[in-house]
Amino acid sequence: MEVGQMQRRWVDYTKSLFLEGILDGQFLQLQQLQDESNPDFVVEVVSLFFEDSEKLLNDLTRALEQPSVDFKRVDAHVHQFKGSSSSIGAQRVKNACIAFRNFCEEQNTDGCVRCVQQVKQEYYLVKNKLETLFAMEQQIVAAGGSIPILELSF
Amino acid sequence: MEACNCVEPQWPADELLMKYQYISDFFIALAYFSIPLELIYFVKKSAVFPYRWVLVQFGAFIVLCGATHLINLWTFSMHSKTVAIVMTTAKVLTAVVSCATALMLVHIIPDLLSVKTRELFLKNKAAELDREMGLIRTQEETGRHVRMLTHEIRSTLDRHTILKTTLVELGRTLALEECALWMPTRTGLELQLSYTLRQQNPVGYTVPIHLPVINQVFSSNRALKISPNSPVARMRPLAGKHMPGEVVAVRVPLLHLSNFQINDWPELSTKRYALMVLMLPSDSARQWHVHELELVEVVADQVAVALSHAAILEESMRARDLLMEQNIALDLARREAETAIRARNDFLAVMNHEMRTPMHAIIALSSLLQETELTPEQRLMVETILKSSHLLATLINDVLDLSRLEDGSLQLEIATFNLHSVFREVHNLIKPVASVKKLSVSLNLAADLPVQAVGDEKRLMQIVLNVVGNAVKFSKEGSISITAFVAKSESLRDFRAPEFFPVQSDNHFYLRVQVKDSGSGINQQDIPKLFTKFAQTQSLATRNSGGSGLGLAICKRFVNLMEGHIWIESEGPGKGCTAIFIVKLGFAERSNESKLPFVTKVQANHVQTNFPGLKVLVMDDNGVSRSVTKGLLVHLGCDVTTVSSIDEFLHVISQEHKVVFMDVCMPGIDGYELAARIHEKFTKRHERPVLVALTGNIDKMTKENCMRVGMDGVILKPVSVDKMRSVLSELLEHRVLFEAM
């Protein structure tokens, strides 16, 4: 596949992510921060996000498996996760976290368990999509092209 | 006569005979009565007597016998019947008892006799044991002596002490008159008297080694008695009527290090022995005992071992001394070499500068002079000066280059350059020279030769120039052709360069340049010499053309540095020659072309440094948002420090930080309290950094709280670049911002 075609594919894919609401404007901001002095900024931040999220999700799951759930802790974790995901621009994850926090305030265990599943789902979805995106970027760079800059208007 | 029951004696009383009988009976009775008394007395005295009741029996027997004889006394004269009856009873009893005793004795006497034999046997045994005890004691003493001797011998590693001690101790232990050691000489044909006990400085007696007595001693590992008259035993002149004491000789193996094989120890393969001779004191009638001989043998072995240890030690000391000497010598040599290298480098460094400066002056001024009005003679002179100084400059450069090349300190200057222009320039340079000689120069560059390449342009040009220059120099007529193309794998391998293995890769290509001339050609055997320094073919033609002979050597070095190969082919004198070289160059990077009609804008990202060097401190416990915020600020040119906890924050905060972004939603931390503490810390307003709260909450209460604790601003996470930029500019301008929601 030739470079131009790959770039077009990348653009389409990215646009789809935004249209589906998986990513929001914050992700664009991150892309804007990537430059020659910081060529892997986005990948680094996203990897950091993945690491953090794995840990947080494990902690959350374990905390909710306890016989008596410590809602304060759960809330703290969800707060963290909400912060991370909003910094990345993972919109759907962030929204799921917001819903989760409400259940925490109500101290509704069942609701929380359901939310954890939801959050996990959203997280894995965005992780999958982002990994695909990065793979495409790598292909473009390997073929000698450069990643185009998107400017989407919201 | 009245009838008395008297018994008449047997025969008439013969007066004398009767008297004697009477007396004897009396004494017999006496004796018979005293014997049991004695027996009882002595048996009572003795502790052990097993047959007491036999004694009783015997006593009874004797008493009765005595009684019989006593009663007999009365029968010599007229006696009554009572007496006769008593007599008879006594006799009967005696008979009974004596028969019983006789019968008893049959049993007892063999026992008594066997006791005797046992006693004899035990005595013999005791004597034997005594003897053996004596033997053991002697052996023990011998052992003690040996141990003591060994200890003395082995307590030193000095050969002389060992031998001297051996002789002294042996002499003492065995009370010898004389003890001597004969060592083999260097030639191995004689034994020399080396050490003696009594004589202090033995004069060098020598004895040939192949005497029968010596051979006999050497062939056995036992101590052998030898005649006192043999040459080895006759050390002092015999004075008078000495009856010389017995002499014993034993061999002492002189072991070398090589004798100690692991498996068979010790194989006495060299068979070098010393002879130890021991003499008992004369006139003492002492004889050599077996245990003494054994002692001597053991000592001889120990001495052998001790001597070999001493020898080994000597060897190793000698080796060590030698090594030390060598070490010192090597050190000195190394230092000298280093000094020499340093001197040479200094020299070169100085020369480099000192020589070039005047050269430069000469060349510059001569060329300037060339530009002025000159007469033809003057012009000729100036041109000669110029030519000579050019040559000299080239020579200086070549020498300096070569020495740097040899050092390995020369490094190629890799850069992107125009390959085609290199060849064109060489062509331009060489054309005038060639046309003077009426030579035509043609340049062919292959179509697939890249225009741009990565490598050392200067050195490449030097190589090409040198090769082409040689071609021109050695051709008197004809043409020169220069061809350059990208070498494919078939043309890369040259059978003459078996160690040249070019490796194809995507980033590099091999440039092959062939320069063919129709000049004088070269002999096949001269070809290898071409590339050696200062070597020149001695033909007249070449002598006249000048040159130091360094050019090709330098070219070869450069080509090697470029991982290539250079060689010359020629079919012989007068048939011209072709110089070929291959060097490795890199492909120049392609320029970035991204033509995308779909994307709205393609802009090169350049760093926007709106706030260059602004020192900012970011506190956030969430790793992801921390790095995002940091990335934002770095993109704007700030100098960002990040902390993730209060402690770190307090540790790091200083007056240098102009702006502080803190996440006030950090769990377990009251961001507001922290702000209050910062206010305490920095009392003066202009010292205090601008405090901005980062939060995900946008409610009114948050805003109020922030205002209350003295925050200068509140920003809602997540922040965009533009937002951050405007925030920072406002903050720095007004030092207050509460609108960034």
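Cβ atoms are placed via backbone N, Cα and C, with glycine included.
Any TrEMBL annotation is an automated prediction that lacks curation.
Per TrEMBL, the feature Cu cation binding site maps to B:Cys65, B:His69. Taken from TrEMBL, the feature ADP binding site applies to B:Asn470, B:Ala471, B:Val472, B:Lys473, B:Asp517, B:Lys533, B:Ser548, B:Leu552. According to TrEMBL, the ubiquitin cross-link annotation covers B:Lys717. TrEMBL lists B:350-589 with the feature domain 'Histidine kinase'. If you look up TrEMBL, you'll see B:615-732 marked as domain 'Response regulatory'. The 4-aspartylphosphate annotation in TrEMBL covers B:Asp663. Under the heading transmembrane segment, TrEMBL lists B:20-41, B:53-71, B:83-109.
Cβ environment of B:His69 (Cu cation binding site): B:Asp25, B:Phe26, B:Ile28, B:Ala29, B:Tyr32 lie under 8 Å away, each six or more residues apart in the same chain. Taking B:Cys65, B:Asp663, B:Lys717 as the recorded positions under consideration, the smallest Cα distance to B:Asp517 (ADP binding site) is found for B:Lys717.
The recorded positions shown are B:Cys65, B:Asp663, B:Lys717; of these, the one with its CA atom nearest the CA of B:Val472 (ADP binding site) is B:Lys717. Between B:Asp663 (4-aspartylphosphate) and B:Leu552 (ADP binding site), the C-alpha separation comes to 71 Å. Ranked by how many other Cβ atoms sit within 10 Å of their Cβ, the recorded positions B:Asp517, B:Asp663 place B:Asp663 at the bottom. Only residues 6 or more beyond the boundaries of the transmembrane segment (B:20-41), in the same chain, are considered here, and those with a CB under 8 A from a CB of the stretch are 55, 58-59, 62-63, 65-67, 69-70, 72-73, 76.
Figure note: comparing Cβ neighbours within 10 Å for the recorded positions B:Lys473, B:Lys717, the maximum is reached by B:Lys717. For the recorded site, the residue listed as 'ubiquitin cross-link', the DSSP three-state label reads coil. The Cβ of B:Asn470 (ADP binding site) has 22 other Cβ atoms within 10 Å, all protein chains considered. Ranking the binding-site residues B:Ala471, B:Val472, B:Leu552 by the number of CB atoms within 10 A of their own CB puts B:Ala471 at the top.
With an 8 Å limit on C-beta distances, none of the binding-site residues from B:Cys65, B:Asn470, B:Lys473, B:Asp517, B:Leu552 reaches chain A. Counted with DSSP, the domain 'Response regulatory' (B:615-732) comes out as 53 helix, 25 strand, 40 coil. Of all the Cβ atoms in the protein chains shown, 22 others lie within 10 Å of the Cβ of B:Cys65 (Cu cation binding site).
A Cα-Cα distance of 74 Å separates the residue listed as 'ubiquitin cross-link' from B:Asn470 (ADP binding site). In this structure the alpha carbons, written CA, of B:Leu552 (ADP binding site) and B:Cys65 (Cu cation binding site) are 152 Å apart. It is 164 Å from the Cα atom of B:Lys473 (ADP binding site) to that of B:Cys65 (Cu cation binding site). Mapped onto three states, the DSSP output places B:Asp517 (ADP binding site) in strand.
Here the Cα atom of B:Cys65 (Cu cation binding site) is found 161 Å from that of B:Asn470 (ADP binding site).
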